[in-house]
């Protein structure tokens, strides 16, 4: 028993020693390889330079160059001295004047920064990348500053640990190198020195052969446990095991991750569902700024579950040709049944109270099942339901459709797609490739029953073949999203009266805590009202167009109906410190063409980027300053204050360093985030502080995002330096900005 306990205690320690020794060997081997590559590249570049130099020397010898004729005597010129220039070639010595330049005042100190035209969200830095140099004076005054700074990062400094670096390449090599050890070798320390030397020689002899080919069996769990104990930041043993599987599988030619869908245009295209085909688009596409790989919104909004009330493109109901599917018996009724079912049958709400009244719940057909084999039972249930409880609703639909269809067509609208199948001509036996089937499922969610348009987009199938494929897949295609008909549309005047009362309630809530402004996140509770549990209501934010609630939600901002410039408190958007939304404010000019220079609405400058031309020059107050090139009027937009969007905790950590430098570009955006223009920003970052400024800053809500705008506090003339109030205390103002600008005499 004692021997077993000794082995169990010795095992993990022995594996840790192996991990450390193999890791150091691989690191040293990697350094040697890197040094050899550098030497070979240096020798190659040196040889190319010598060859090129020899060619240029030969060209210079063949050219006939005449020296520039210069006066032999320059002593008569004031402030100059003679300077002779000699050449190794057969050129005579030249005498030229040497002029002395007067001393020039140096420009103010400027730290490097990257220009930005919009905000850029970054993650928190949990590791101190470098210890900033504050100068000897700062360290003498506060010797514990560096220690406190490191404590803010939990003692994590980049490059501080000896074994802190391990990338994917070294990780795979380390696991493969440790795979040559056996589990029975835990008691190697008890062997004789001669036996250990023999084992070490055998390992070194076979190491190169084993590293050159993949391991025969999967590495032991002890290897990953030992690596996890040596590198705890890299994850647990299970996570390292999964990572090793992914890295080794990706090395195989043509191997794809298990969740990856083959290219729809490639030879290995598969027939997959619509959600799987569009997974990458839904994941990478930002529905708030309409960009892929958005760097401003880390949490992408989910696709809207509501369908547009008015389609942007009109549907063409005419047959596309003599072979069009509309000439088939029952085809028009089939398309009309799909349209009627989409309008009449909204999807079920997950819990929550209904806000709208349906015509008759018993007449609504059940949702199609996914299993194709059970489609017959589902169809019989649907038919029974429509025959017993749906007669009144069918009559109402027939009366509405009489203008565009015949009575025979209207009588067949209650039938389901599967029941329509025996009435049409025998379908063609056409094979659909995986790419064509996947493309059809993608397009059916956009064009619904417009099979002619789907056929034109697919390109390899006729509209009749598309129609027959749609009938075949009726039981597995998800129902189309319902139109937003939960609540009847109110009249505009009554809607705005209710909105005014709602704004007064919100304003009363915000009076007690006016400084609490929280970041907006779209609410995602479709088919449920925005009550006290809604995140927008909790944060005292208005619901935006990106929320999943109904368009008639009482917490939604409806926009304005102004006919003027929207620059007074008569405009609801201006009163709510928001810019006019081009999707909501349709009468003030905010929805005009984006390239239009003369826009009647003056409350959409930030989103349009209508900034003024700014000039950078040394300031009379402190360091650099920013100056206006063209005159601006009072309350006119000048520029947006852009930079990195960081959290409040990250701003506290950075602010301690900026305070020591006595230079800070931090600007509070809301209670959650701060704009830092130190590393990235635009030219307005050089605007200095003043207690008598000519500009003012205002945080506005612009299409769901808080953004900082700089506006003119008074009329500003050409060439004036821009100032705005940093809201410093009196002590901080004297510490950071020692000189106050002179007041202009009116």
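Glycine is no exception: its Cβ is also placed from the backbone N, Cα and C atoms.
As the structure is a computational prediction, the values presented were derived from the model and not from experiment.
Reduced to three states, the DSSP call for residue 634 (SUMO2 cross-link) is coil. Around residue 634 (SUMO2 cross-link), a 10 Å sphere centred on its CB holds 11 further CB atoms from the protein chains shown. According to Swiss-Prot, the SUMO2 cross-link annotation covers 634.
Among the features that Swiss-Prot reports, domain 'SET' is placed at 612-727, with the record citing sequence analysis.
Summarising the annotation, Swiss-Prot assigns O-linked glycosylation site to 75 and lists experimental evidence as the type of evidence.
Taken from Swiss-Prot, the feature phosphoserine covers 21 (among others). Listed in sequence order, there are no same-chain residues at least 6 apart in sequence whose CB falls under 8 Å from the CB of residue 21 (phosphoserine).
For 76 (among others), the entry in Swiss-Prot reads phosphoserine, with the evidence type a large-scale study or a structure entry.
Marked as phosphothreonine by Swiss-Prot on the basis of a large-scale study or a structure entry: 339 (among others).
Look at Swiss-Prot and you will find 345 (among others) tagged as phosphothreonine.
Summarising the annotation, Swiss-Prot assigns phosphoserine to 363 (among others).
As annotated by Swiss-Prot, phosphoserine applies to 366 (among others).
Residues or ranges marked as phosphothreonine in Swiss-Prot: 367 (among others).
For 487 (among others), the entry in Swiss-Prot reads phosphothreonine.
Residues or ranges marked as region 'Interaction with DNMT1, DNMT3A and DNMT3B' by Swiss-Prot: 1-340.
Model confidence over the region 'Interaction with DNMT1, DNMT3A and DNMT3B' (1-340) is summarised by a mean pLDDT of 74.
Following the DSSP three-state reduction, the secondary structure of residue 21 (phosphoserine) is helix.
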